[in-house]
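Structure record follows, encoded as structure tokens.
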């Protein structure tokens with residue numbers, strides 16, 4: 001059956017196994033041919049909640065790991081310094097750490113002062129912008145009031161049903177001729193006679 005008859009009587013590398021997984025080129029089974037694989041439905045709100053909780057969990061774990069790592073490193077360093085028997089180095093380290101803490105506090109105070117000034121400046125700019133907008137709005141309202149007053153003034157000359165007869169009589173009494181020609185300077189050159 002194979003090249004080595006005593007080792008594997010029922011198996012040959014050239015023979016295809018009768019049972020086992022299909023290769024990637026085999027077609028799907030007839031019973032599975034029309035099957036459409038759909039992923040399970042996911043509630044979007046629940047997915048957002050779960051993702052947020054996982055993110056918070058990872059943040060907490062990374063913070064804890066960093067804290068424990070810092071503790072272990074500090075203990076190792078203290079043990080190393082203590083094993084060396086160097087009290088001076090330990091004292092120097094403590095003194096430098098105290099100086100570092102003071103410097104950090106000073107920088108924190110400077111940072112808070114800078115942030116306070118930036119907030120104050122931002123608040124001042126917002127107030128200036130609000131005042132500018134208020135002035136613009138007041139100017140806009142004044143302009144609109146002037147337009148309304150001008151329209152009210154012009155409305156006195158409007159033709160209404162009450163003064164319609166008088167205006168018609170006035171137009172008939174004073175005819176105007178709009179049939180004329182003008183030159184480049186705007187002077188009337190030629191005018192036709194009213195009939």
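Backbone N, Cα and C define each Cβ position, glycine as well.
Between the stretches 15-40, 41-66, TrEMBL puts its region 'Disordered' entry on 15-40.
Summed and averaged per residue, pLDDT over the coiled coil (73-154) gives 92.
Shown for the region 'Disordered' (15-40): DSSP residue counts in helix, strand and coil, namely 3 helix, 0 strand, 23 coil.
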